[in-house]
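> Please find one structure pasted underneath; my questions will follow.
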Amino acid sequence: MLDQIARFFLLFSDNIVIIPLLIIGFIWLDRATFYHAVCLILFSILVNVALKVTFQIPLSPSLGKKGYAFPSGHMQLVTVLYTWLAFKINQLWLRVIIIALLLGIGLSLIHFDYHDYYDVLAGIFFAALLLISYYFASLKWPQNLPWFILGIASFLMIYIHWRTVEILSHTWMAYYALWGLIIAEQIANKKAIASVRSHKLLATLLCFASILGVHTFFRYVITLNQPAPIYQLQWLFIGFIIPWTNFSVAGSMKRYKPKS
């Protein structure tokens, strides 16, 4: 019973929930809120890897996996994502749910012995530092923040490479996706976005179809045998696709709208 409850909570830290949530939120709910949420998640992954290769505290031997445990990457990521949404969406019921969700995820990570209390609490602590830093930087340097983030991300990749023999796939994924997202959003900022329901639906379908197409191409044409820096290049395109589909649909509809 406890295992089933823990698995339920951990679903909310899985890509199968997080990626659709971010895409739908970006297109349908609030573009700015979810754009920053995606930036925070991707940047948080890089920060977390840099912290792990700095402290180099190994995972529990019972997991039978190589890697580092401190701070918990899952806990840091979900704390960044859901706390940002709770902060930006001013709904008491949502904040209560998110507090319960984060508590459940943290306890579930401990329940399955993926992490101990120190790992989980450290994930929350560094997530809070990242959120505070990002928020105040966005207020003080709103125009320069995207390039500032990319600069730090590039520095972190150099640092990670210096500290470890091999940069893992998910690190390349976050780095490439961050570049694609920010570049596309800088272009989209000057263009119309999908605001009509039918346009949003079309943008959503186009987004998921494009992501599936890119992933399929890399899986069967580029193949998994390629080095991580090559294979994970797909995330540069996937990161670009999310904002691109939003403004491309709006632009196309505006162009072909019949004149009265």
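Keep in mind that glycine also has a Cβ here, set from the backbone N, Cα and C atoms.
Just so you know, TrEMBL annotations are computer predictions that nobody has curated.
Look at TrEMBL and you will find 61-135 tagged as domain 'Phosphatidic acid phosphatase type 2/haloperoxidase'. The feature transmembrane segment is assigned by TrEMBL to 6-29, 34-55, 92-111, 117-137, 144-162, 168-189, 201-222, 234-253.
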> Who are the long-range neighbours of the transmembrane segment (168-189) in its own chain, taking Cβ under 8 Å and residues 6 or more past its ends?
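Residues 35, 38-39, 41-43, 45-46, 49, 146-147, 149-150, 153-154, 157, 160, 228-229, 231-244, 246-247.
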> Report, as numbers and ranges, every residue of the chain located at least six residues beyond the transmembrane segment (6-29) whose Cβ falls under 8 Å of a Cβ in that stretch; write 'none' if there are none.
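Contacts with the transmembrane segment (6-29): 35, 37-38, 41, 74, 77-78, 81-82, 85, 101, 104-105, 107-109, 111-112, 194, 200, 203-204, 207-208, 242-243, 245-246.
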> For the transmembrane segment (144-162), which stretch among 34-55, 92-111, 117-137 has the most Cβ pairs under 8 A?
34-55
> So what's the average pLDDT for the domain 'Phosphatidic acid phosphatase type 2/haloperoxidase' (61-135)?
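Summing pLDDT over the domain 'Phosphatidic acid phosphatase type 2/haloperoxidase' (61-135) and dividing by its length gives 90.
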> Give me the DSSP three-state residue breakdown of the domain 'Phosphatidic acid phosphatase type 2/haloperoxidase' (61-135), ordered helix, strand, coil.
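The breakdown for the domain 'Phosphatidic acid phosphatase type 2/haloperoxidase' (61-135) reads 58 helix, 1 strand, 16 coil.
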> Determine which residues of the chain contact the transmembrane segment (92-111) at the Cβ level, with the cut-off under 8 Å and only residues 6 or more beyond its ends counted.
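Beyond its ends, the transmembrane segment (92-111) has Cβ neighbours at 2-3, 5-10, 12-13, 72, 74-75, 78-79, 82-83, 85-86, 117, 119-120, 124.
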